[in-house]
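Participant: Pulled these features from TrEMBL for this protein:
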type	residues	note
REPEAT	15-48	repeat 'WD'
REPEAT	57-88	repeat 'WD'
REPEAT	99-132	repeat 'WD'
REPEAT	141-182	repeat 'WD'
REPEAT	183-224	repeat 'WD'
REPEAT	225-266	repeat 'WD'
REPEAT	267-308	repeat 'WD'
REGION	391-416	region 'Disordered'
COMPBIAS	393-405	compositional bias 'Gly residues'
COILED	436-463	coiled coil
Amino acid sequence: MSSEKQEDPTLERHFKGHKDAVTCADFNPNRKQLASGSADKTLMIWNLAPKARAYRFVGHQDVITGVQFSPSGNLVATSSKDRTVRLWTPSMKGESTVFKVHTAAVRSVSFSHDGQRLLTASDDKSVKVWSVHRQCFIYSLNQHTNWVRCARFSPDGRLIASGGDDRSVRLWDTSTRQCINCFTEYGGSVSFVDFNSSGTCIASSGSDGSLKIWDLRTNKLIQHYQVHTGGINSFSFHPSNNYLISGSSDSTVKIVDLVEGRLIYTLHGHKGAVLTVKFSRTGDLFASGATDGQVLMWKTNFDSRSYQEVLQQHSRRSTPDPPPHLTDVYPRVPHLHTPQPTAIQVRSTCFSGFHLQLLNGRTHSTPTWTAAKSQHSNGPWVHHISSSRAEGWTGGESMVGGGRGGRQEEEEEEEKGCSGYPAALDSTLRHIVQQLDILTQTVSVLEERLTLTEDKLKECLNQSQILRDVRASRDRQRMESERVDGFT
């Protein structure tokens, strides 16, 4: 590939294994794995080494809405519409721990940067914080008035940002557990929020296609982009904080230069709404997932040169696009490795409560096998790992752009239906909603008190054990002294 083309992002590999929309993705900090969650209720761990196996984990009973590796890379957290969060081991064993965390669909999950806490956002209008080590609830944040779509920790762990269908982004202090700021200048639902790597800025995207960046030091809106023709479902900051990628329901991935404040690339790699985008921890790669069921992995080349150099070279092209947009990238289909000539069949075995099958990369007619393709330059094998607890499967929900379209339609129908109701009924319904909010806050307070009570009981038990050990030690010493006195 010539140096002239190296400045453009290039499609490195694409993975096919999901049977429904890819809703979330994240890179392992060790740069060896890529995780993706789907509306088909499965988690896929793609090993990036040549000819490496991929793993499929089954356990959730509804759409997986979020995925994130822990900072150490030895755990993967997933959230789901089945109201649970799971912590997985990203290996062949695929063991998982279940958190029954909310009373409604869980929309996002993320680790704190020290890996000690988990943060979840839910349709029950709450944001909750959990202890990873103790695997228990710590506290809840409850000032949103509608579904909460996303929540993230700041890099230093002192702040939490959350956004949702109440068209607001809230900023929380983790020490006081209070809302310290609220940004409300949104024309639609807030679909995604995140901090930049330095923690000085927060960005949020909306169903109206807007992307806004706020400076937390001045609490002012410093950048506002309207580059997509559809709602933005996800975005990701480059580790340098100089670039940002966004995925939209308009089927494109956009790359923005935050220093110059310019849109520089539009990527046309998916055939459906792009639901997730994510940079790797080093920024040299980024991934995108969409309703077409594909996970695309791109090589980041645009950060190796300054924007002015790229713009100068662009101006020398025969048919340059008008600034600020440099170019549209239509990736060519990667070369597919020839499938293995023979299939490897492994008998089904059970270990650690999980069912393991080794699958060929092609569809096979053997009844005990499941087709799971992984199309990229190396054509890896796929393991299928299913939890023994996953029973009574129900049909997944139809694909929508992160669930936003369906919610908006429901709201429109509700507004039409209530327009003809008397004012007394409307007042009664509002009163019921207020009472439900109060009930939710009461339950959260009770959860916190139960957690504190549990900690105190554990401390009492530990103290009791210490006292018993001290008494036993004294008894032994007394018996030994009596034995010595008897001999003398």
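The backbone N, Cα and C atoms fix where each Cβ goes, glycine too.
TrEMBL does not curate its annotations; it predicts them automatically.
Any idea what these are sitting next to in the structure?
Facilitator: According to DSSP, the repeat 'WD' (15-48) comprises 0 helix, 20 strand, 14 coil.
Shown for the repeat 'WD' (57-88): DSSP residue counts in helix, strand and coil, namely 0 helix, 18 strand, 14 coil.
Secondary structure of the repeat 'WD' (99-132) per DSSP (helix as H, G, I; strand as E, B; remaining residues coil): 0 helix, 19 strand, 15 coil.
Regional average pLDDT for the repeat 'WD' (141-182) in the model is 94.
Note on the repeat 'WD' (183-224): DSSP counts are 0 helix, 23 strand, 19 coil.
Proximity of distant same-chain residues to the repeat 'WD' (267-308), defined by a Cβ-Cβ separation under 8 Å and at least 6 residues beyond the stretch ends, is recorded for 6-16, 18-27, 29, 31, 34, 36, 38, 44, 46, 48, 230, 233-240, 242-243, 245-255, 257, 259-260, 328-331, 376, 399, 401-402.
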Participant: With DSSP as the yardstick, break the repeat 'WD' (267-308) down into helix, strand and coil residue counts.
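Facilitator: Grouping H, G, I as helix and E, B as strand yields 2 helix, 19 strand, 21 coil.
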Participant: Against which stretches of its own chain does the repeat 'WD' (141-182) lie, if we need a Cβ under 8 Å and a gap of at least six residues from its ends?
Facilitator: 104, 107-108, 110-114, 117, 119-123, 125-129, 188-195, 197-199, 202, 204, 206, 214, 216, 219, 402, 407, 437, 440-441, 444
Participant: What are the DSSP helix/strand/coil residue counts across the repeat 'WD' (225-266)?
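Facilitator: In the repeat 'WD' (225-266), the DSSP-based counts are 0 helix, 23 strand, 19 coil.
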